[in-house]
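Here is the structure we will look at, set down as C-alpha cells.
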Amino acid sequence: MVRISMSISYLWGMVASLFLMMPAYSADVPASPSPAPIEARNSVFINQHPDQFNSWKATSEQSERHDALAEDPYMVILWAGYPFSRDYNKPRGHAYAITDVRETLRTGAPKTAEDGPLPMACWSCKSPDVARLIQQEGEEGYFKGKWARGGPEITNDLGCADCHDTASPDFAQGKPALTLSRPYAERAMEAIGKPFDSASRFGQQSMVCGQCHVEYYFSGKDKAVKFPWDNGTKVEDMEKYYDAISFSDWTNTLSRAPMLKAQHPEYETWSVGIHGKNNVTCIDCHMPKVKNADGKLYTDHKIGNPFDNYGETCTNCHTQDKAAMQAVVAERKTAIQELKLKAEEQLVHAHFEAKAAWDAGATEADMQPILIDIRHAQWRWDLAVASHGIHMHAPDEGLRMLGTSLSKSAEARTKLVRLLAQKGVTGEVKLPDISTKEKAQQAIGLNMQQINAEKQDFLNTVVPQWDEQARKAGRLN
C-alpha cells in the first residue's frame, strides 16, 4: 500500500511538473489583426484605377451653381429660422463636396474649433476622411464637437474610400470591393432587413449610394447621424418615428411649428419606384459601363444624368429613342413642379396665418393641432422636393406625397380660419412682398449683408489655416 501510494504521488508530481512546463498558449494566441488604415487621399489610387479616377475627377466639370432660393423664394419662408433659409443650392459634382460645405452660409463662420452653429455630423457625407476619422476615433469620438473641429481633418472630396474597401486585395486586383464605410448606414440597412454582407451585387451597389443619398437626422447630445427607418422608409413611416420621439429639426419662427427638414432621400424614393422595384440600381443609370481608349470596359465615375450616356444606360431596358424618353421625363417633371408650387403656396399662407393667430392671442392649446398639421404637411412636401430626381425615381410617390401635403395644409388653414375668427380676425391675412429671395429673407428678419460678410471673412482667414494644417499632417497631396 505504501509503494502504491508513493507511485501515485510520484505520478501526480510528474503531471504537475508537465503543466508548469507547458507554454501558456492562451497568452500567445495572436490578436485579430487591426484593419488597415483608411487612405482618404483619392489621388493615391490613380495608378491602380486610372480610368475610374479620371472619370471621377471629371465631376469637377459639373461646376455650375443653381440658386434654388432665387428660383423659388417660397422656400425661404418655409425654412424661416433654419439655415436653409440663408442659402440652398442645387447639387453639383462630387468634386465640390468639401468646397460647397465650407462655402455654404448654412455652416456659418466659426472662428475656433469650438465655435459655430452646426455639429461634426455635417461632414458625414462629404469625404473619405470621415471614414478615416471614424476608424481612428470610433463613432462616439468622431461625432463629438462642432463642425469646425473637423476643418483641418476633413479635406479630401468624396471619393474612393467612401464606397470601396481600398485596402483589400480585391480592390488592388481591379474589383469593386464595395463597402459601407459608415457604420450608422450599415445598421440602418440591417434595420430594414437588408444586411450589406448578404445583399446581391445589385443591392450593394445601391446601398453604397444610400449611405449618403438618404433621409437622416442628428441624434442625442453628440448629434450622431441616424436614419429614421425603425418603422420603415416611406414618408408616413418616418413621420411616425419622428413624432414618437418628439423630434424636430427646428421651430419655424413665423408659425412656431416644430418642423422636420428632409435631407436627400433618393434611396427611399428610388426603392418605391419602378426602377427600385426591378432592382435597376443607381449605378445602372448614373455610372454606366463605358469603354476607354483601348476598348476596355470600366465603370464611369463621372456621376451624372443618364441622358448624357443614353446608349449605355436607358437603352439597356428601353426601346424608345432618346427624344421620346426625354419627353416622358419632362412631362413627369412638370407635373411634380406644378403640384410642388401649389403645396408651397398653401404652406406659406399657413405659416403667416399661424403667426397672425399667435399675435391675436391664441394659446398653446389652441395652436397645437394646427402646428402638427403644418409640420406633417411640410414634411411631405420636403421629402418629395428634397429627392431631386423624384420625377424619374418615383413620380407616382412624389405626386402622392405632395397631394397629402396639400390635404394637411388645407386642414391647418381651415382650423386657422375658425381660430382667427374667434380672436376677432375676420379678414384675409396679407402676405408681405416675398417675390424674390432677398425680399423673403428680409421678411423673416435675416441680415444677409452681415451673414455674407462673416462668411467671407471665414473663407479668407480660417479655411486657409485648415488646408495648411492638413498639408503639414500629410492629409492632402
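Positions of Cβ are set from backbone N, Cα and C atoms, glycine also.
Swiss-Prot lists Cys314, Cys317, His318 as binding heme c 5, and of His275, His349, His351 the one it places in that same site is His275. Heme c 3 binds Cys209, Cys212, His213 as Swiss-Prot records it, and from the list His66, His94 the residue named for this site is His94.
For the heme c 2 site, Swiss-Prot records Cys160, Cys163, His164, and the single candidate of His301, His376, His388 listed with them is His301. Per Swiss-Prot, the heme c 4 site holds Cys282, Cys285, His286; the candidate it also names there, chosen from His391, His393, is His393. Spatially, by CA atoms, the binding-site residues Cys122, Cys212, Tyr216, Cys285 include one closest to His318 (heme c 5 binding site), and that is Cys285. For the pair formed by His275 (heme c 5 binding site) and His393 (heme c 4 binding site), distance between Cα atoms is given as 7 Å, rounded to the nearest Å. Highest local Cβ density among the binding-site residues Cys160, Cys209 belongs to Cys160, counted as other Cβ atoms within 10 Å over all protein chains shown. On the backbone, the CA of Cys122 (heme binding site) and the CA of Tyr216 (Ca(2+) binding site) stand 11 Å apart.
When the alpha carbons of His393 (heme c 4 binding site) and Cys125 (heme binding site) are compared, the span between them is 21 angstrom. If you measure from the Cα atom of Gln263 (Ca(2+) binding site) to that of Cys285 (heme c 4 binding site), you get 22 Å.
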